[in-house]
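Colleague: One structure, pasted below without further comment.
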């Protein structure tokens, strides 16, 4: 029997748009007016290799008994009862409303797995609403734009976590690698005139993108599809990123915003540098942006054909990356020439490797064996004479690898100790160059309320 997921939420948050996106057809009417959907509608959805039944529901809204609104809610309740899991959708741009909070309680009472979806997350305006949603207690929000087909890979990860595992068992002693048959979305970014378009033209074997010695030739984020040695890629060429103080024209500001969106919705990002220029603060800012967005990073040093004594230059760049960007220590640095093709094969291999690391999941038994050894080798410092207890760790998601450490006092664990855990994780499981997220969470103390009563 097919796994069934009901899409729920208040009116006009984009449930029907998401439904249409998942089923691949415009089966549900979509309009800006709230309440267009009245009956529940079922469809067969496919996302990556996930096949499931999805139910579109009316917006959860209360009304008098017997009214149309009340009957719409009954239809929604029937869909929830029939579902194996729920997708709770809210509008990230509008933020949480009292109705969202009310029906988040409703979703919790259903006692079914819930995937929290922050729809309309395109651009920067959805960030605040997404962060606000942590207060609902329904887990990490998945930022998507159903209308623009953005964030679907993150939604895939979230749905995969609540759906039954395939019949084939994974050896718990193995590190789980991703399915490499899907196209890799790659954004190529960097300062103006680093040769981004020239590299893509070489890969395509045609003058697909305009190139010029003049900086700023590329304005839009242009996407192209290519197959390299049997592997599919979707590559986004982007406008060069200059320091904010140098950006004056409105068109350039729009180009920069377009580039930032390309980074946000890419899976791997190539930071292109000109070999003739020094590693500058703007390169660091771009790399830091890529890390904050949680994307796999490869650094490509272009125009290598113009350089002499190159091996020392590459070694120096690698040292600079590890020194200035310890949060992505070990990011691959590849020397290339978009004009002659030198190093292009190495670049494509580095992208695939970085993508695989970014997707990596570590088996729980293997993870906790590392965790016990890491804590035993270097226990966390005591705070005010009290020992901090770190209980266990679990991986919550990949893309990038994200972990939760359960402990006695989350607020007392110093940042330096978190960096120690990140570096140890990176070294033990060969996670070089990918962002690693560690969140601290306190284990509930069953006796806390009793102590409060006595005081």
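Cβ atoms are placed via backbone N, Cα and C, with glycine included.
Annotations per Swiss-Prot:
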BINDING   9-16, 56-60, 119-122  GTP 1 binding site
BINDING   190-197, 237-241, 302-305  GTP 2 binding site
DOMAIN    3-167  domain 'EngA-type G 1'
DOMAIN    184-359  domain 'EngA-type G 2'
DOMAIN    360-444  domain 'KH-like'
Colleague: Just to be sure I understand, if DSSP states are collapsed into helix, strand and coil, how many residues of the domain 'KH-like' (360-444) fall in each?
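Modeller: Summed by class, the stretch gives 31 helix, 24 strand, 30 coil.
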Colleague: Looking only at DSSP and grouping its letters into three states, which state does residue 121 (GTP 1 binding site) belong to?
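Modeller: Note: residue 121 (GTP 1 binding site) is coil by DSSP, not helix or strand.
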Colleague: Can you tell me how far the Cα of residue 15 (GTP 1 binding site) sits from the Cα of residue 238 (GTP 2 binding site), in Å?
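Modeller: One finds 31 Å between the Cα atoms of these residues.
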Colleague: Just give me the nearest neighbour of residue 12 (GTP 1 binding site) among the binding-site residues 193, 238, 304, Cα to Cα.
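Modeller: It is 238, whose Cα lies nearest.
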Colleague: If we check Cα distances from residue 57 (GTP 1 binding site), which of the binding-site residues 190, 196, 238, 304 wins as closest?
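Modeller: Nearest by Cα distance to residue 57 (GTP 1 binding site): 238.
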Colleague: Around residue 193 (GTP 2 binding site), how many other C-beta atoms are within 10 angstroms of its C-beta?
Modeller: 20
Colleague: What is the one among the binding-site residues 12, 57 whose Cβ has the most other Cβ atoms less than or equal to 10 Å away?
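Modeller: Checking each of 12, 57, the winner is 57.
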Colleague: Is residue 193 (GTP 2 binding site) helix, strand or coil when read with DSSP?
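Modeller: Looking at the DSSP assignment, residue 193 (GTP 2 binding site) belongs to neither helix nor strand, so coil.
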Colleague: From the binding-site residues 190, 193, 196, 238, 304, pick the residue whose C-alpha lies nearest to the C-alpha of residue 121 (GTP 1 binding site).
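Modeller: Sorting the binding-site residues by distance from residue 121 (GTP 1 binding site), the top entry is 238.
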Colleague: Between the Cα atoms of residue 9 (GTP 1 binding site) and residue 238 (GTP 2 binding site), find the distance and write it as a whole number of Å.
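Modeller: A Cα-Cα distance of 36 Å.
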